[in-house]
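Colleague: Features from TrEMBL:
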type	residues	note
DOMAIN	63-205	domain 'EXPERA'
TRANSMEM	34-54	transmembrane segment
TRANSMEM	66-87	transmembrane segment
TRANSMEM	121-144	transmembrane segment
TRANSMEM	151-174	transmembrane segment
TRANSMEM	186-206	transmembrane segment
């Protein structure tokens, strides 16, 4: 009986692989809709606030205002959500309805490497939370105050996000890509939830690349005229 009880404790979680050892696992208290609803509503409030405040900045293009919304949203996501994951290795044992723990208990259904504390995932998320998170807020400030380093900074952060996402997907593929509880969670969490950090950084890099090249061309023309 003791052997059976121990086996039940090890396997009593919703994650794949089923033999993943998560002793002390406590099921989530919040429903999927509640978790997504809180995240969506809070994100909407943050984006709305930035959009409203940025509208008071004189002659700031709408694209820059949208980028300010993105940088605050992604920066807070990196620092708060991903930061919690990095510094809370036993979140799956949380016995209260702590929202941040609930997020990762739910997300682990799409990628159990989070619950298992995969070293590659922890490393990527750690760099993202500690370095890229604050850098995103700096990018927001740079756009708002029209700093000369704005475009270079945005390129650097976006490249970091793309690199981290690439490592995230490639390590999963090399390890068998079998960490989702079902195809629903695979596509909803693993694919769709991460798509923004592929599409948006790529668009930002292209835009900033064009801006930097245009600025260099103007400077070269001015130097030619002076000569």
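The chain as shown is numbered from 1 upward.
In case you wondered, yes, glycine gets a Cβ from its N, Cα and C as well.
Unlike curated records, TrEMBL annotations are generated automatically.
Because the structure is a prediction, the values reported are computed rather than measured.
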Colleague: Suppose you look only at the domain 'EXPERA' (63-205); what would the mean pLDDT be?
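Modeller: The answer is 97, the mean pLDDT of the model over that range.
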Colleague: Using a Cβ cut-off of under 8 Å, list the residues of the same chain at least 6 residues beyond the transmembrane segment (186-206) that approach it.
Modeller: 67, 70, 74, 106-107, 109-111, 154-155, 157-159, 161-162, 164-165, 168-169, 172, 179-180
